[in-house]
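Please read the structure below before turning to the comments.
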């Protein structure tokens, strides 16, 4: 009989899934780890994030492309009703996949990861992740549904933001939260002033503390700081908001 997998075996398997770029399998592997006792380690948390980010990312990109094609088709002088219906059905198929992925990780976060977390960086990580996946749901929602989902995202981001003040301004998790929270304000709540204020404060605080950066987090922190600055430049020059902001 085959020997049962240990936690270390599943971590190795998740890394193998990642190297092979088989992210659907990586999600399944991480779900097995999530069913085990105890908190996730920093390494396991990052693997969880990578797994879900890489199954949701291509579908978010696909939705944007299909939605753009749909808008162009509807904008023609003589729209083709059959083509528009084909596109609509396909877009809804992608939306169903997006919803399934988001609801899956949100359930894990709510029922397992958030309640188990005991330290500040883990709590910020999970609340940020909650905010992110509610934001992804809000991207293709409308009306009252969008308002409700955006409210859930805002609550999660606010919880993360409050706890993040316990972390150094240069901490990659705190910076990553500021980056994605500001994107939420800009793209979902259409609040460019609030987005710029949040991003600028996070960037300025990190600059002031730059000399305290550890070698271990230097690369991650400075990369996110660059993304914050890129977004600020984009948002100041692009009042129309057509371009997609950088996120972590």
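A Cβ is built for glycine as well, from the same backbone N, Cα and C atoms used for every other residue.
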Checklist outcome for this item: Range annotated coiled coil in Swiss-Prot (choices 91-111, 112-132, 133-153) is 91-111
Item to check | Listed as phosphothreonine by Swiss-Prot, one of 170, 214 | outcome: 214
Next on the checklist: Using a 10 Å cut-off between Cα atoms, which of these recorded positions sit near residue 136 (O-phospho-L-serine binding site): 53, 60, 214, 246?
Outcome noted: 60
Item to check | DSSP three-state assignment for residue 60 (site 'Interaction with phosphoserine') | outcome: helix
Checklist entry - Which residues in the same chain, at least 6 apart in sequence, have a Cβ under 8 Å from the Cβ of residue 135 (O-phospho-L-serine binding site)? => result 150, 153, 180, 183, 184, 187, 188
Checklist entry - Can you tell which of the recorded positions (60, 136, 214, 246) has the fewest other C-beta atoms within 10 angstroms of its C-beta? => result 214
